[in-house]
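Per TrEMBL, the features are as follows:
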type: DOMAIN; residues: 25-116; note: domain 'Heterokaryon incompatibility'
type: DOMAIN; residues: 303-490; note: domain 'Nephrocystin 3-like N-terminal'
type: REPEAT; residues: 922-954; note: repeat 'ANK'
type: REPEAT; residues: 955-987; note: repeat 'ANK'
Amino acid sequence: MRLLRLSDHGGLSLTKHDDDKLPPYAILSHTWGDEDDEVTFDDLKRDDCGRGKAGYDAKLLFCGRQARKDDLLDFWVDTCCIRKESDAELSEALNSMFRWYRRSAKCYVYLQDVSALKRDRDSEHPIWEAAFRKSRWFTRGWTLQELIAPRVVEFWSRDGHFLGTKESLENLIVEITGVPASALRGAPLAGFSINERLRWAAKRETKRLEDKAYCLLGIFDVIMPLLYGVGNQAFIRLQAELDRAQRFLGGDSHKPLDRGDAGPPLLAGELVHQKLRQRLLASLSFVQMDSRHATIDDAQRTTCEWILTHPDYMAWNDQELSHLRQRILWIVGKPGAGKSTLMKFAHAQAVNSKSTMEIVLSFFFNARGDDLEKTTLGMYRSLLSQLLEGVPEIRSVQLLEGLPEIRNAFDAVDATTTSRTEPVRWSLKNLQKCLSNAVRHLGRRRLRCFIDALDECDEQEIRDMVDFFEDLAADSPGNESAISICFASRHYPTIEIGNGRRLVLEDDPGHAEDLRKYIQRRLRVGDRSSANAIHATLLEKANGVFMWVVLVVGLLNEECRRGSVYAVQQRLAEVPSGLSDLFKDLLRRDRARMGDLLLCLQWILFARRPLTREEFYFAMMAGLYHGVDHRTKWMPRPWDPDEVTAADMERLVLSSSKGLAELTRSKTRPTVQFIHESVRDFLLQDDGILDLWPELDGQLASSSHDTLKSCCSAYLAADLSSHLDPAKPLAELSSSEMGRLQRLISGKFPFLEYAHREVLYHANEAACATDQQTFLGSFDLDKWIHMNNLYAHDDRQRHSPCATMLYISAEYNYSRLILAEAPNIDKVWSRLPEEIYQFAVLAAFANGHHAALQGLLGHDGAAFVDDIARDPRFGRGILDRIRGNEDLLLWTAQKNSWALAESLLTLCANKRIYMISSSSPNGDTLLSLASEGGAKTVVQLLLEQGANVNAQGGKYGNALQAACGHNNWEVVQLLLDWGADVNARGGKCSNALQAASYGNYDDVVQL
């Protein structure tokens, strides 16, 4: 790749670089003017470098000067960086164009037909937006990939005025181009169908007919020889490839594309991961994947830089890794020492300095986040998603054809989860296999992983993960690629790395220097003689813990503002040195509104998931004001953003937590969390919350869940009548209508969805120590079902009006609520024909809920629970649901669920819940099915309850023949003891002796 460089004297020079050694560069996007106006490769070879051409100043010097302002020495302009006289070079450049734009540090869009100086006659405001909308740049074929590929795109007018970025102008660009915002933000293009991508280009023009196809090479990740003068022949070749791809993916190869005005149909040379592959790759990412990284404070100016020259880090970062000990670096430190900030800094430096042959991945565990944020399952998904995104060829056609092991790992995902509504269920084993296989196919690329906050994940998961990465690093010397892993965590006494280096943060002089710099910059004690002593005392008491310094500097600055240096010294002397003791001191000093503090802490500690800013505000309102004034019943009112602003909500987070909570920095869904995980440690592990509220000792969790249940229950009283159309039931709404209604209700009542979904969860958790029968007796189940159906994502999550609390508790594993219901046999096995599983026991069975099953079967059925849980169909969900009015016992027999059948026969004898005489559609009796399956106990129970031992029907004719045909010796003996007729004829083997003989079952033949 050739790059331009602008000298200090304004001269231009060309340099050539290998793809794996490219420096950071800017890139220009523009529309070509007249041929005589553009500076070419040959022009740059002349002495004047084409200075007389219009494009020299307008484009080349503009791009070069702007790049220098952005600290970029090199830049690329297509008019002169490609030697177009060489067919080979031109073909290579056009095939590489998308990748070059994607790799650029910045892309400057020069809009020749947009001026920012023009103004409306009646206004002082610029009117460039109208010209922007009509700009020729949005109509050209080649500029589509130049819009989508770069991560940073800046738009400039012809008079050198900055108009905005792709991000700031996103809504306008979406409106002009029709390209979805997600594509502009960098979503994998494989997630968009061929037809949709074609429509983006449908109205764009190119100078040459062949370029209508060639300008989309990058959009479809295609590499192909470029031939001009062939006209529509290019499309014919592409159509043939499209047919092959469609057949491979199981589509209709003869079905024409909906291509609008795009001309002849085009094809992605890759298979674009249609159908299953698209969904599998999309399933890797999750909304909060980067939330922890975004929430970590950036390093203060000039701090953390020491890590880059630390001997251990330099050895780990060495390009010529040769020893396994150099491949793993573990940074350890006390809670709050600053490990995450250091990791964020090191990761950013690695990203900014990486070459094209390097890949940098990261994951920051978050104990305060959703499940995927604090488990290795989420970590592997995130890393694999980043890897596939960073190395396009792994996620393109090679994923299916050139990388069979990775393809097999994807195929190992449960093939039944490919419908649009069923989530893909990733397992750790599949993700590890995918990741290790992907690493083996990186070629000569180097992979660096930064994994932070290991202590915020389950210890056994971390132990297994460390073993996996050690094996991965140990395997890489045999491959061209090399992998390096940097971990960060608290001190782990029970986990060791067999090979690698360990850096103890609080013991390092560089870290101590960072603390000193922070104190000097942030502590407002001035230059008085006592300042040095205050600084020294702060450093000594900090014991290397950055979080402690940040909090104490804030306290001391408050004293400084009061004007007394003696008060500063006194406060510093009083401040305890440990983080936990500091938190206790902060909360003890301010005893105002302690009820607000307790409720805030309970929501952050015991909510099922982190609450959004809006959810937290209204959850607090429900808890603080419900029941306060007994003269008037508190009712949740629709949210008015003008009355309750985002700033109001943020102030409540700060005030109710007394500064110990904050909002995450998510742009779309900020959630409430503690300022640091050490706050949670103080409250729970160090009993800080019990020190403040000793009356909660022994019942902290159950009492807190009971409080949160009450908050949810109070908010469920919201009156939705004005927002619902009584003439149109929810079941009659289309999916789009339902979506609009859900958004409307959530906008008016932000806490309602959480309150509905989790009120029974909190009741179930509270039930371990707090009786819930009064609550259940007054609970409005009909309203709950109505709200459940409102927020359900599809029909399978909806309930009928006949659903019972017992059934719902079984489906969601609320085992304590099941016990509170004190169910009898009739209730447990009662049929609810409109429910998807029909029986409470099947709801627990299908969803794999061991505790719920234990509660349903009670003491009498306890012996069956473990055997039922070992059934291969346990937890298979909707796949094995009972249908219509199918007999329950027959269903268990047809599914070979013999433990469930045994429990049914034992617990429900004479209850008319099943029919001994029922048979399958092809005539198999219950006794024949059990005999075929070798279920001796079930056979015994069926016979004892009156099953006809010689009943005829089905493929084997009778039970004895079925048992003989499957060598079930003990069942054969049992049937004979009960009078089975050896000579009975029928079935596919004619008689029992023939059935045993066909299988060469000598023992059965002797019987």
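Cβ atoms are placed via backbone N, Cα and C, with glycine included.
Note that the structure is predicted; figures quoted are calculated from it, not measured.
For the repeat 'ANK' (955-987), the list of distant contacts is 922-925, 927-936, 939-940, 943, 949, 993, 995-996, 998-999, 1001, 1003-1004, 1007: same-chain residues at least six beyond its ends, Cβ to Cβ under 8 Å. Secondary structure of the repeat 'ANK' (922-954) per DSSP, as helix, strand and coil residue counts: 16 helix, 1 strand, 16 coil.
Sorting the repeat 'ANK' (955-987) by DSSP state (H, G, I as helix; E, B as strand; all else coil) yields 16 helix, 0 strand, 17 coil. Across the domain 'Heterokaryon incompatibility' (25-116), DSSP helix (H, G, I), strand (E, B) and coil residues number 45 helix, 14 strand, 33 coil.
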